[in-house]
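Listed in TrEMBL:
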DOMAIN    309-479  domain 'Nephrocystin 3-like N-terminal'
REGION    1-20  region 'Disordered'
REPEAT    891-923  repeat 'ANK'
REPEAT    925-957  repeat 'ANK'
REPEAT    1030-1062  repeat 'ANK'
REPEAT    1064-1092  repeat 'ANK'
REPEAT    1098-1130  repeat 'ANK'
REPEAT    1175-1207  repeat 'ANK'
Amino acid sequence: MRYAPRSHTYVPSPSPSPVCGTEDLGSVRLGTIENSPEKPAAQNTYTVNVRPNLWEEARARLSDEDRAWVDKTIDDSSTPVHNTVNRMINLATEKQRECETSGWKTVSVGSYEISFEEVTSNIIIWLNKFKEVGDTLVQYDPAHAALPWAAVRFILRAAISTKEQMAASLAVLEKATRIIHRCQVFEEVYNRTTVHHVVIEDLESSLIQLYGRPSAGSSLLESLEGGEAQVDQQVIACEAHRKAENDTRFKMQLNDLLKLSEPVLRIDKNVEKMLQQLESEELSRISKWISPLTFQLHHNIIKESRTEDTCDWLIRRPKFSQWSSATSSTTLWLQGFPGSGKTFLTSKVIDNIKATLHGKENDESFAFFYCNRNEENRRHALDVLRSYIRQLSTTSHKSGFIYAELKQFYDDCQLRGSGWTLGVCKEHLIKLLNLYPRTILVLDALDECWPEERASLLDFFDSIPRKSSKPVKIFISSRPESDLRQRLIHLSNIDIQATDNGDDIAKFVRKSIDRNGNWIRVLRQNELLKDEIVQTLLTQSNGMFQWAMLQIKQLLTLGTEGEIRSRLGKLPKTLKAAYDEIFENIEALEADAGTMSLAALRWVMCAHKPLTSEALLAAININPEQETFGSFETAEDDLLGWAGHLLRIDTQQNPPVWRVSHLSVAEYLETHWTILQAHCYVAKASLLLMRETYRGKDEQPKIMEPDILHESHRLQIYVRYNWAYHAQTQEDQYVDPKLADLLKAFLGSLEESSVHYRGWRLQILSDGMSLVLLSSLPIVLFDALPSTYAAPLPCYFSFYNLLRDWWDNASLESLLEESGDGYGFLELAVAGGCMPICLRLCELGLPVNIAYQKWGKLVLTAAQRGLADIVRFLVDKGAEIYQPLQGSSYNYGSALEAAIVLGYIDTVRVLVDKGADINQSYGFCHSSPLEAAVRRGHIDIIRFLIDKGADINKPLQGKRYGSALAAAVQFRYTNIVRLLVDKGANINQPLYGCTFNSALATAAGCGHIDIMQLLINKGAAINQPLHGCTFNSALATAAGCGHIDIVQLLVDQGADINQLCRGHYSSALAAAAGCGRLDIVQLLVNQGADINRLCGGYYGSALAAAAGCGHIDIVRFLVNKGADINQLLHGCTFNSALAAAAEIARLDVVRFLVERGAFVNMPGQTTYRSSALYIAASAFYIAARKEHLDIVQFLVDEGAVLNVSSLTYGALDKGGTSRHRKVVKLLISKGAVE
């Protein structure tokens, strides 16, 4: 069997995962094997109970040529199994080192990123597991064990020169070693002594076909995968039969073998270095600041609602197994129709991942999120990403720790009054994804996010493979909405079919029946009734959990067999028909019950925050159409009974709140009332309650229940802070006369407020901040509400059409003259985005170019909100957009900067078209508009600015990037880097005053190898000297920052290993040595770096850099490689490597250097804290100055000269600290002159 390694699409093998799970086989039908006809075994000459040598049989089926090749390659059959496998492990380890030495980390093959480290590690893991199984099994034939390794050893011994060939070869070997291990277990567990021979012959036949796969080249992987899948199917049948035999001994043996196949979890020592320990109180505070959402509670609620032993079918699906075991970044999409149980399935996936990671030492990370359209903070991209960041901020086994950069970011935000934005979230998430060796992200119900929000999430998910150097696996569940299907259909996906959920629905119905005590008598009289109920609901559900749930709940309210059978005969056919039936029943209720039920549905549909029972049960007693109030005596059970399972109480919240029972319920209700109609109803009810609450002294009360009028009643609090939210939704709709009348009655007029308005205003001003934070009203609005007139409030909430006659007829001139617009009418109208009110106020002469007291310049107020039309209107009216905004009250240097940062491209277009300077420097967060767009990743705005003439090469003074291109490189925006270069960005532009002094060095320092390659391909100068920074070249930058893959890439591309330039580390070798990267030091030396080349800079040589930074392993390596220990370093901080080690008090380094021949009295000049009067002449003097007593003692004992005339200050100086006096005492005792 000759295998020609070549590049091909690689489908990664599962990482070590259970061979087979007994729980996966419940749906297999056994039949009666004893009565089955005997199957002829065409080529099987062995007897029924004799175990065959399947590898030998596979060998016999090969062609003469392939069989001869195997015979020539195979080991002596007498060789012990361990020896055979150990040879393979040694060969695989050599390949692993070969890849490391070559700097090969990943390679794109087909649609996959193959990680050399992952694949080679898995090969070694499978080989070791083969040995472990051999230890577990009672007997294993050595000849049997030797046959599989012929091809494996051949490929491992082959000389492979290219990266792609190596990837293809290792991918095949990883798949092959895994198959050999799994089939070894199968042969032992399922054989003629444990399973009936009729069943086992099918497995044996499949194994023989798999063992003898003759395919070669690009089809080999596909051939192996197909054969493995066929074997898996036969294993399922064998396991089903073995379960029926209930053989305890082999059950125990199978469990032991399964333990050998548990998933391999990754450990990365670098993770722990990036974590910071905090006190529990501070950790809790920061975690809640990152994301206040109770993500684990959301999961627990769903998990507890999931029927036990359901949803297993998804875990058994080959596509899911392939996703869960993939070693590279990949995404799996679970799609299904409404009510098909996607959220329950996702919860099963989460439990599966948790079980894999729990209790085992690993540094892999995992985060999940359940979207929910009915909860405001669970349907936005920002909330999803913040929750991910919180979950990834630490590891499960490091309690009390958090990612140090997040702690620093928290401190910075508290100091600057800053916080989370979508761009900031993405930046930190990418850093976290690059921290862990592997990450899994799960997102349920993506379709429940608004379209623009889910598009933003998908954009981020799409960017992960480009920006993350570590594998990230993503699981998404959603309905197949058109926009989602267009984005996700090309990915691996599982479409839920009706047959998939059959067993789960049957289990759910059975357990629902078993929990119902009322049916005990009925079922005792007719035991077959339960099966009839289950079968009927299963048949008619068509895979819809929600339909089955509605029907079983309704059936459980019946008490006799006759009623149950009657209901079974007239079940609704579809989910919509089920809802229609419930809705018709509600409408048929007696007047009060029906009216209140329909009112409850409207309130729950559109509530700004979910309502408690106290609030909802009171709200449904308000009839806004008749302007009447009920008795307020409705109970929870009453409403639950009337609503017919369309509503539920979420008891996991504190206090419990009301929600629709399922997303499909909300969608169904919108076929009866639109969401805007529901808002209109709630707005009218709210204003009616407000009018009654703050009635005048002469008005007769209409509510006889005083509790509902109390300021702390939950409905009062909700209405007080959210009535305007509901009313505002009606501004662009047909004006409901009743709503307009109620709004006018509440406000009074623009010129004179009503008693109701004044009472409401007084109440909100006296409320505590805890209530204000629950409001949909902006806090800044509260001090803009005068008591005598109501005009500011309609300005902000855009109540124009609702109050049209007021705006047409009111005497605004006198009102504005009286206030001088001290309450910012125009400012509020601009913030609210109401063009008609802005136009009306400007007609009255209000200025557009002054700085108003709340948000400052009007054009900035509009730009920050993305109100392009308002911006255009203001500029046309004379608003200035040219001069930078000055003053600490502004967060942005101009309206253009604000629009760019916030991503409002339409507003950007308006401002630029109106004359905004696209090259203006602000002096705020960004040096230019282009930098602002690049930092936020807004590629459409970047393209627009460049097309309009933005200076693409403008130096960014005082910034850590230096140029727009370097900023794009640092943030790893590959597409933006490509755009900037294509548009004329200077790749080799020298950068000053920043972290890295070129775009290429920025990529090298940040570890972005993909962008490195892109820049090199586009003409970046690899050996460009960099002055005035820590590292003097791109190679030194990569070496100092520890990116060995980039070092290898640069060397392969022709980088000068011995290049010298001015800088802290003036050579690549010194940078690697000083930064403690032994692996890179070894690579550079092996590639020809000059160990003894004087490089200048702070240390002067690679040895001094290693010694001065305390890296004894590197010091030892360099000395062993021939480094000159006594090399005199002119013009540097230290005159020798020994002096550098002595300065930082590293006795181990000092001792090693002296033992290897370093002079303790090295002559020469040092500039360390020196002047014309005080010159240090040796490492001994430096140690004394630093009061490193141990170093001083050691140097003196080694013969350091004491009577040095220049030591008239420092060590021999009288006085000083007690530690200084110890040094003086020691020197005198050794003969020094005072």
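Keep in mind that glycine also has a Cβ here, set from the backbone N, Cα and C atoms.
All TrEMBL annotations are machine predictions without curation.
Helix, strand and coil counts from DSSP across the repeat 'ANK' (891-923) read 16 helix, 0 strand, 17 coil.
If you look at the repeat 'ANK' (1030-1062), the same-chain residues 6 or more away from its ends with a CB under 8 A from one of its CBs are 102-103, 105, 996, 998, 1000-1001, 1003-1007, 1009, 1012-1013, 1016, 1020, 1022-1024, 1068-1072, 1074-1075, 1077, 1079-1080, 1083-1084, 1087-1090, 1093, 1095-1097. Outside the repeat 'ANK' (1098-1130), and at least 6 residues removed from its termini, the chain residues within Cβ reach (under 8 Å) are 1064-1065, 1067, 1069-1076, 1078, 1081-1082, 1085, 1089, 1091-1092, 1136-1141, 1143-1144, 1146, 1148-1149, 1152-1153, 1156-1159, 1162-1165.
Note on the repeat 'ANK' (1064-1092): residues 101, 103, 1029-1033, 1035-1042, 1044, 1047-1048, 1051, 1055, 1057-1058, 1098-1099, 1101-1103, 1105-1106, 1108-1109, 1111, 1113-1114, 1117-1118, 1121-1124, 1127 of its chain, located 6 or more positions outside it, place their CB under 8 angstroms from a CB of the stretch. With helix defined as DSSP H, G or I and strand as E or B, the repeat 'ANK' (1098-1130) counts 16 helix, 1 strand, 16 coil. When pLDDT is averaged over the repeat 'ANK' (1175-1207), the result is 54. Residue counts of the repeat 'ANK' (1030-1062) by helix, strand and coil are 16 helix, 1 strand, 16 coil (DSSP-based).
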